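Engineer: TrEMBL lists these features:
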BINDING   A:His9, A:Asp13, A:Asp75  Mn(2+) 1 binding site
BINDING   A:Asp15, A:Asp75, A:His97, A:Asp149  Mn(2+) 2 binding site
DOMAIN    A:181-309  domain 'DHHA2'
There are 2 protein chains.
Amino acid sequence: MAKELVFGHQNPDTDAIVAAKAYAYLMNQLGYDTEAVALGEPNGETSYALDHFKAQAPRVITTAKNEVDAVMLVDHNEPQQSVADIAELNVTHVVDHHRIHDFNTSDPLYYRAEPLGCTSTILRKMFIEHDVEIPAQLAGLMLSAIISDTLLLKSPTTTEQDKTAVVALAKIADVDYETYGLEMLKAGTNLDDKSAAELIDLDAKSFTMNGHEVRVAQVNTVDIADVLKREADLRAAITEENAAKGYNLFVLLITNILNSDSEVLALGDDDSKAAVEKAFNVKLADEKANLPGVVSRKKQVVPPLTEAFN
Amino acid sequence: MAKELVFGHQNPDTDAIVAAKAYAYLMNQLGYDTEAVALGEPNGETSYALDHFKAQAPRVITTAKNEVDAVMLVDHNEPQQSVADIAELNVTHVVDHHRIHDFNTSDPLYYRAEPLGCTSTILRKMFIEHDVEIPAQLAGLMLSAIISDTLLLKSPTTTEQDKTAVVALAKIADVDYETYGLEMLKAGTNLDDKSAAELIDLDAKSFTMNGHEVRVAQVNTVDIADVLKREADLRAAITEENAAKGYNLFVLLITNILNSDSEVLALGDDDSKAAVEKAFNVKLADEKANLPGVVSRKKQVVPPLTEAFN
């Protein structure tokens, strides 16, 4: 069987890195020849998790066709979030927890999506279905991914299955998930050493919404005001990014992980900003608005924004 | 929980009808409120299976939004194969074994596809995963669907998992699957009471291939020459259909279920007919060609034809 690469989305978060490692491990146990790789370096939060469980970061790739013909995607399916040469590759497997969009194949494939908080929650079920044991180190990483995606089980994307998985994985990894989880999330909010350009690209994804190119970035913090001290720099970086990449709209979500509120900064053309106002039923003031309780890009930002553009 | 409808593709074959019944049964056992419906009347083969296991045909619908807001799809995902008002509905679940194409959602959903011979093979695994027993009647129908899709385990789409499922389901249904299967397949080849227009629509699916609208129909027979006695009528019906529906290409596959060979009749514009020649590496003579060993639209027709159009 020819080797396949397994990877998550660009600007990888903890789930994108960990799900690739977990799925590659599972598939290799099942007789496939796979390697987990990543489409970027781990962020601060992911590095904390990898260090804590003494695990290696996956090798970073920018193209895949030079190495393999076929790939497996985790934690994404939309082509613009994937490897640059995705159109030339045969996607044989997908495990994901997002909407399906612009994902077309010419052949049948394995596709497993569930509307759960985290890809790693689905993967834990797949380990059980295939009767493959999850090693303690991997359990710690998968636990970290679920904590990351669900903001310690507080995001509205959180399901009972995510909670069950966290408890079970914490037991295998032998950690107190609440203490560990808060430390890990805080490690991801240390943004002082990032430039404004790095900050708006740290956890950012592109979407096509009714012909509009939309970029939705999110930064986690324990103090929104602290991030907004750099508002002028952030605006300049976003304006530059919109011009360079041709985005109609850039939405920056600054999320307080302690109280689950977000401030949104929306820069783009007038139509797109009107869509933001419609999506969240708010009036932007100076292109900003407070969005109480909004923490999930996937569940609370992308669907209403897609709807507003349609 | 609001009621949802569960259905397979237009021009339903046995798997489209049965998978809807099986998935609706499973989901109701899991606490959902669903009803299996169909986008057309059962064909001769499906009627034989329903009669044999004393089961009811699902109610036929043409639109769904007048009844429900959300639906579950089985055995298809492409919008042009689905219910007429699919764009207005929220798809919450898909269980399928085809390529993914033009299928876009704004929300995360449950999507389970596997490259197996039949949707019912996947569904059997899901019953096992959820520890739900398959009643004998349903087992007989699911067995029929797998026999239908795999031409009694002889199609190249057949996997080890399909074989395992057939043996297990035949045991629950208490039938000799080889004897029963051949009778069921033969029941589907009785085409004498069908008009040419009905015949080319019996098991037909639409595809968009690089901007070309392509219709691929298949009829099973035990004697290809017998079907070709009606060639003039078939040509007239296809030509009329191409004009009425704006198809660039209509491919009719006449498949001998006894020896697994097919004759293809391809009517359409010159570019499209050139794509057919390229796809199968044949020269069309009088717009026809013999395709030895070709029995699977999904695995042996759609992928090479898609490739040839790209």
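Cβ atoms here come from the backbone N, Cα and C positions, even for glycine.
What TrEMBL says about a protein is an automatic prediction, not a curated fact.
Help me picture these features in the structure, burial and contacts included.
Structural biologist: Annotation for A:Asp75 (Mn(2+) 1 binding site): same-chain Cβ neighbours under 8 Å, separated by at least 6 residues, are A:Gly8, A:His9, A:Asp15, A:Ala16, A:Ala19, A:Ala20, A:Val95, A:Asp96, A:His97, A:His98, A:Thr119.
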Engineer: Chain B proximity: which binding-site residues among A:His9, A:Asp13, A:Asp15 have CB distances under 8 Å? Answer 'none' if there are none.
Structural biologist: none
Engineer: Looking at the binding-site residues A:Asp13, A:Asp15, which sits with the largest number of other Cβ atoms within 10 Å of its Cβ?
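Structural biologist: The most densely surrounded of these binding-site residues is A:Asp15.
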Engineer: In the same chain, outside A:His9, A:Asp13, A:Asp75, whose C-beta lies within 8 angstroms of the Cβ mean position for the Mn(2+) 1 site?
Structural biologist: A:Gly8, A:Asn11, A:Pro12, A:Asp15, A:Ala16, A:Ile17, A:Ala19, A:Val74, A:His76, A:Gln81, A:Thr119
Engineer: On the DSSP side of things, how many residues of the domain 'DHHA2' (A:181-309) fall into helix, strand and coil, could you say?
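Structural biologist: In the domain 'DHHA2' (A:181-309), the DSSP-based counts are 55 helix, 37 strand, 37 coil.
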Engineer: A:Asp149 (Mn(2+) 2 binding site) to A:Asp13 (Mn(2+) 1 binding site): how many Å between their Cα atoms?
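Structural biologist: So the alpha carbons of A:Asp149 (Mn(2+) 2 binding site) and A:Asp13 (Mn(2+) 1 binding site) sit roughly 9 Å from each other.
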Engineer: Counting every protein chain present, what is the number of Cβ atoms, excluding its own, within 10 Å of the Cβ of A:His9 (Mn(2+) 1 binding site)?
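Structural biologist: Its Cβ shell of radius 10 Å holds 28 other Cβ atoms.
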Engineer: Which number gives the other C-beta atoms within 10 angstroms of the C-beta of A:His97 (Mn(2+) 2 binding site), all protein chains shown included?
Structural biologist: 28
